[in-house]
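**Student:** Starting off with a structure, shown below.
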Amino acid sequence: MALLAPSILSANFGNLDKDLDMINSSEADWFHIDIMDGVFVPNISFGFPVLEAINKKAKKIKDAHLMIINPDQYFQTFKKLGIDYITIHYEACIHLNRTIQEIKNLNMKAGVALSPHTNTNLLEDIIDDLDLVLVMSVNPGFGGQKFIENTYRKIASCKDLIIRKNSKALIQVDGGVCLENAKKLTDSGADVLVAGSCIFNAKDPLQMIKDLKISTK
Ligand code: DX5
Ligand code: ZN
């Protein structure tokens, strides 16, 4: 069964506590927290005061997906605010090795996200150091976008790389995940599914979380 990480981006920010409680009481495994800077991606999500509020409530693993340039300067703050996994974008980092070591030196798990155009082979010389690879199945920046079909092939090639290099990295997939593709994504090699609009737009989000989990069995 895959791990499931509901994406807070699609939650109701007018009553965030309610949605955080819903996830706490659900079968979901992680909180997926999207941070956007309006530079790396053409959107701005939320910053540290909101993260502080999330940290006070959220009782599960907190996974921050940083869609920002120059992420290194904020790692200590993310650590203080209870983040367990930091995922930075391959396309936003000049010295990826140094950036990954900085995350790990603060005792957080380190992930690298690949936008749809970025080839998995580029991780060949860093995969040993990673706890997670995030395969983006939409262009980063917005919830509710259409799933890119090439993702299955990409997850499979990422899995090959992980096996070949004997890496322990988890494969996470993010964007357009829903009941129709969850099983195929898991069968292709995904370990963690991120889902935003599919959960929060559902009539019964708790039931949708349950259904998504069961569908990956
Ligand atoms: C998009 C974000 C996603 C987003 C997914 O850039 O990284 O985490 O919330 O939303 P859905 O599941 O609606 O595609
Ligand atoms: Zn995300």
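Placement of Cβ uses the backbone N, Cα and C atoms for every residue, glycine included.
Per TrEMBL, substrate binding site is recorded for Ser7, His65, Gly141, Phe142, Gly143, Gly144, Asp174, Gly175, Gly176, Gly196, Ser197. Taken from TrEMBL, the feature divalent metal cation binding site applies to His32, Asp34, His65, Asp174. Annotated active site, proton acceptor per TrEMBL: Asp34, in sequence order. Marked as active site, proton donor by TrEMBL: Asp174.
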**Student:** Nearest to Gly143 (substrate binding site) by Cα, among His32, Asp34, His65 (binding-site residues)?
**Tutor:** Asp34
**Student:** In angstrom units, rounded to an integer, how far apart are the Cα atoms of Ser197 (substrate binding site) and Asp34 (divalent metal cation binding site)?
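**Tutor:** Answer for this pair: 13 Å between alpha carbons.
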**Student:** Taking Cα atoms as reference points, rank the binding-site residues His32, Asp34, His65 by distance from Gly141 (substrate binding site) and give the first.
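**Tutor:** Result for Gly141 (substrate binding site): the nearest of the binding-site residues is Asp34.
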**Student:** With DSSP assignments reduced to helix, strand and coil, which class does Gly143 (substrate binding site) get?
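**Tutor:** DSSP assigns Gly143 (substrate binding site) to coil.
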**Student:** Take the mean position of the Cβ atoms of Ser7, His65, Gly141, Phe142, Gly143, Gly144, Asp174, Gly175, Gly176, Gly196, Ser197, the recorded substrate site. Which other residues of that chain put their Cβ within 8 Å of it?
**Tutor:** Leu9, Ser10, Asp34, Val138, Gln145, Val194
**Student:** Since the record lists Ser7, Ser197 as binding-site residues, which of them has the fewest other Cβ atoms within 10 Å of its Cβ?
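**Tutor:** Fewest other Cβ atoms within 10 Å, among the binding-site residues Ser7, Ser197, is found for Ser197.
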**Student:** What is the interatomic distance between the Cα atoms of Asp174 (substrate binding site) and Asp34 (divalent metal cation binding site), given in whole Å?
**Tutor:** 11
**Student:** Would you mind reading off the Cα separation of His32 (divalent metal cation binding site) from Ser7 (substrate binding site), to the nearest angstrom?
**Tutor:** 5
**Student:** Under 8 Å Cβ to Cβ from Asp34 (divalent metal cation binding site), same chain, six or more residues apart: give me those in sequence order, or none if nothing qualifies.
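**Tutor:** For Asp34 (divalent metal cation binding site), the qualifying residues are Ser7, Ile8, Leu9, Ser45, His65, Met67.
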**Student:** Here are some binding-site residues: Gly141, Gly176. Which one has the most Cβ atoms within 10 Å of its Cβ?
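**Tutor:** Result of the Cβ crowding comparison: Gly176.
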